[in-house]
Amino acid sequence: MRTLWIVAVCLIGVEGNLYQFGNMIFKMTKKSALLSYSNYGCYCGWGGKGKPQDATDRCCFVHDCCYGRVNGCDPKLSIYSYSFENGDIVCGGDDPCLRAVCECDRVAAICFGENLNTYDKKYKNYPSSHCTETEQC
């Protein structure tokens, strides 16, 4: 039992905000963030450059830009407070930085949900060599 508890604590520490973001994405799309949105287009996944390939990829571009405007905490590791109320994502807590990170994730998850019809499997594992002419935020 103690080993299970230690593993759970370690997983929470490692996943942090990325787990929360993935949970938001699943709630809004019914898709796995890891399987569907990591390494999609030019912006979904680690890093990002080039021109967004479709509306789904643009959600990731806007999310990257939003993270770039967050000051005072690491967006990918920060653990924030949020809930789901009547189908909506509600960010909570008093820390302005954590709320900003939550809002970035909330807006992106909603964007994915609103653009499910643009998701195109041809952009999954899209070669980064095709991502040129980077747009500005």
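From the backbone N, Cα and C atoms, a Cβ is placed for every residue, glycine too.
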Cross-link partner of CYS97 (disulfide, per Swiss-Prot) out of CYS65, CYS66, CYS73, CYS111: CYS73
Site co-member for Ca(2+) according to Swiss-Prot, given TYR43, GLY45, GLY47, out of ASP54, ASP64: ASP64
Disulfide-bonded cysteine for CYS42 as listed in Swiss-Prot, from CYS131, CYS137: CYS131
Second cysteine of the disulfide that Swiss-Prot assigns to CYS104, among CYS66, CYS91, CYS111, CYS137: CYS66
CYS44 - recorded disulfide partner, Swiss-Prot, among CYS60, CYS65: CYS60
Cross-link partner of CYS137 (disulfide, per Swiss-Prot) out of CYS65, CYS91, CYS102: CYS65
CYS59, CYS91 - which one Swiss-Prot pairs with CYS111 by disulfide: CYS59
Residue with minimal Cβ packing [other Cβ atoms within 10 Å] among the recorded positions ASP64, ASP105: ASP64
Which listed residue (CYS59, CYS60, CYS65, CYS66, CYS131) has most other Cβ within 10 Å, given these are disulfide-bonded residues: CYS59
Neighbouring C-beta atoms (10 Å sphere around the C-beta of GLY45 (Ca(2+) binding site)): 16
